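K.L.:
Heads up, here are the entries from TrEMBL:
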{"type": "REGION", "residues": "336-361", "note": "region 'Disordered'"}
{"type": "TRANSMEM", "residues": "23-41", "note": "transmembrane segment"}
{"type": "TRANSMEM", "residues": "57-75", "note": "transmembrane segment"}
{"type": "TRANSMEM", "residues": "106-128", "note": "transmembrane segment"}
{"type": "TRANSMEM", "residues": "135-153", "note": "transmembrane segment"}
{"type": "TRANSMEM", "residues": "173-193", "note": "transmembrane segment"}
{"type": "TRANSMEM", "residues": "224-246", "note": "transmembrane segment"}
{"type": "TRANSMEM", "residues": "252-272", "note": "transmembrane segment"}
{"type": "TRANSMEM", "residues": "279-297", "note": "transmembrane segment"}
{"type": "TRANSMEM", "residues": "303-323", "note": "transmembrane segment"}
Amino acid sequence: MSQSSVVLAHRAPLRQRMLRSDAVRFVLPLLVAILAISLFTNNKNDKFLGSDNIKNILLQVSVLGIIAVGQTFLIAAGQLDLSVATLAALAGVIGATRIKDGGSELWAVVLVVAICALIGLAWGLLVAGLRIPPFILTLGGTSLFASVALRVSKSSPVPARERFDWLGRMKVFGLQTPIWFFLIVVVVAAVVMRYTRFGRHVYATGSNEEASYLTGIPTARTKVLCFVISSTLAGFAGLVAMARISTGDPRVGSQLALQAIAAVVLGGATLAGGRGSPLGTFVGVVLLAVVQSALTFNNVQTFWNDAVFGGVLIFAVVVTAVGDLRRRRGGSRPTVLGAVSTTSASPGPAITDPLQGENNQ
């Protein structure tokens, strides 16, 4: 066989693998949608694709994006946390109160992040140890944190003055620090999910927890760590939000939890677990922001924002469910035992990363 024949023989399978990869099936359509919406809106108002508006879009979603990355770990592991929005609000209130009482801003950040990490640890232990459904547990936490935030702030916004400017207003290379924090969190999380053993454990736990446990994967510890990561990032996002507006507001970001879940699902995750990517979540967050900005530029009344958001979320869930159903009927999804085998040279797609397709073992 000639060299050209060998190349052609290998090209077709590679092309087929690319077309079947999660990166193409989930993320590429989102990028096309972002491009189409942007070009359509820019055709009516050429300021839409201007650098100022692009920076503003990234700034507006930085807090949501940080929270959504934390949710990505949980959803990929088959878990969920509905309390992240009120936890973020509580974190901002505690940080602002600490500064108001004369404390150091650095120690305020450390204190808040530590408290949120402990809350995540508690959630993880209750879910993994006592088998409490995370939906019910964190739904209760939503009300608890909201009440505590109102009590600490005495139902009024707490001014934080300018001492937190480095966290929410300072510019580095022309971009405000919240944007940099968001980008750094996405990149670090993507590396962890893609290239570390913990990341593979997250996908395996979400894909089939029982089978993963039987293969020696510490599923309980994996779930606990995912809750810690999610709560920690929610607390940090709350501090960033507080620093942006120089105020700890107990009522800020009430819709962040649902918006974060929507962004994760848009990015290719499934609420059943086993799939999800920080990079896919990034694209999902940007799509939500572009849609909202396009509505504003087209002078659409604000009450349509929630309707469009709900429609986008329903569409994403339906498309994901249909794709999963077609894949199951096609018999292309192997058991998790084969997917997480440490000796397999060609792992199956049961544990996948939407931007990378199959996970390396």
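Backbone N, Cα and C define each Cβ position, glycine as well.
Because the structure is a prediction, the values reported are computed rather than measured.
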K.L.:
Do at least three C-beta pairs under 8 angstroms join the transmembrane segment (106-128) to the transmembrane segment (224-246), pairs 6 or more apart in sequence?
P.N.:
yes
K.L.:
Mind checking which residues reach the transmembrane segment (23-41)? Cβ under 8 Å, same chain, six or more beyond either end.
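P.N.:
Counting only partners 6 or more residues beyond its ends, the transmembrane segment (23-41) has Cβ contacts under 8 Å with 48-49, 266-268, 279-280, 283-284, 286-287, 290-291, 293-294, 297-298, 320, 323, 354-357.
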